[in-house]
């Protein structure tokens, strides 16, 4: 490889400073020419994968708090990224790796200079990807988002622009000689810090995000080298794919044609994909169709290439549904010419085990590869640990191959020889292999809810002072805790993706040992939301192995996203220390549902013929003042009157609603009401979720006149039962001022 001398970063005038020259290092080979434009590149990128919760992890919100260190890479529970890990991804058939990067902890808070240690680590991982001839994307990741400093609002805007510019000046300079398979993405999911920032951006949010995209493009292009023609990716506000956001998107101006790509993130239907809704384990097409069709109309059909930079689904023990959703998602994106990149956080969304270096969901990955038109390379058979010669067995032949390598009789050996997965092939692997040969793996108990090693994970909250690392051992896990942090959960490991059934009794058992006495807790808890504990007990660790067993009754509603958690942090632990838990077992003893583990709780029911909207005092109204709308709402004894002064620009900018409704899957409903206005106007009504992302279940237009009219309609609920639904009358985007009146609303289940 040839060497190159890196130029001193050309920082923005606002934060001009004296900067010493960066060190000379060796980059991966640079391509001489950029033969593919943006559309051709997107068409060639195939199925992609996110190296999530690694270089994007952070330990606090203070700029410059982690300079000189790469510890943030493992702060959220994933191991440090290795070349073998990226090789595994390549071998599986993936063609693109998105490497999210968070920068602010590694920057000087005054000069904005990026720490050389961090820049070198980012470059090292970029090199891993490019050496495997895959596309690589790097970005500005959690510098944006709910806790990030880069907001799409006017607060300290010039300072934010200066810092954002400085990041891209330095990154561009560092990678100026890299070839066309390295792409830059300006920013991740930028937010405006408003009350409903994920779904209804403020009036300034989209214009500011457009401006930042333009700054990104201009900064990269000015840096010279291969950056003058590099394909660049510009995200929508918050990665949104809905029309309310994409309609305000402005593609940046560029000095070269056909080198810009639009990115959005698609997790629809949100309740199905997100871990916060463990009871939603099946999906419907319409929410996904709405956003993908919108991206196609808004961009693809106009010749603007699109990348779905993130899509994925939390495992709620419903892998068959996840696989069917992913197949439909990827096939539709492929038909629209969009690249799609799976979000893998190393936990609920993972498709690779980054410690054992194997595919955790081969059927899911194979399905997505086929849907993307790629070659299917994943062997669904379980890889035998330590099988150096690849004959599907671990035996003395493999031991002899490892011995010969260690005594220098051979110079090449498969990485399968790294049986303890510590990144090194040494005498420790030989000891582990001899033990494994003498004690062959037993067939896992099919009744044990903790039998799959791929569901083991860890978390250390470095922002609260926690620090540690988890390792796999035979039939279990070890964790080294170096700092306990402020709370017991600041260092923990857990077994994820467990379904607990309402009314069931469970038996929990395991063996445990520590290198010094400790007192900590084990809990069975939610793997989402508030992480509520369903069972807890104190463990008094000693240097001798102990066996733990207990039974508990689970009385809450069935939860498909639970975990067994070992909390090892807090101010009371004696650090540093190391614990080991083996033979973890959670078995249902009795009770619960007789259906599959992916089943959900009994759905609520509403009596047939009962008016669910009988309390007129529940009517309320809302106007999107940030979108320029204004209205007054008057509760009547039998309804609601809405005086629209300014209707805003969209139908949802003014709404009257009746909340707290339950719609049951498979039921038929009748809705009726009287309606009129003080002039003719076109509006509508709908039944929708009364929570993010406000997906609708039914919609119908209404033609208001000055005469009172009676409306009656029946509709069937085909989506999963929802006990938090609102009937919404949409009064925005009309010729205002206008006053409308809704009275005698009746909503009842008829069958």
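Here the Cβ of each residue, glycine as well, is placed from N, Cα and C on the backbone.
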TrEMBL feature region 'Disordered', matched against 418-443, 444-469, 470-495, 496-521, maps to 444-469
TrEMBL feature region 'Disordered', matched against 527-547, 548-568, 569-589, 590-610, maps to 590-610
Other same-chain positions with a Cβ less than 8 Å from the compositional bias 'Basic and acidic residues' (453-462) and lying at least 6 residues past its termini are 59-60, 71-72, 74-77, 346-347, 350, 353, 356, 358, 360, 468-470, 472, 477, 479, 485, 487, 489-498, 569
Here the mean pLDDT of the domain 'Dockerin' (381-445) is 78
DSSP assigns the residues of the region 'Disordered' (444-469) as 6 helix, 10 strand, 10 coil
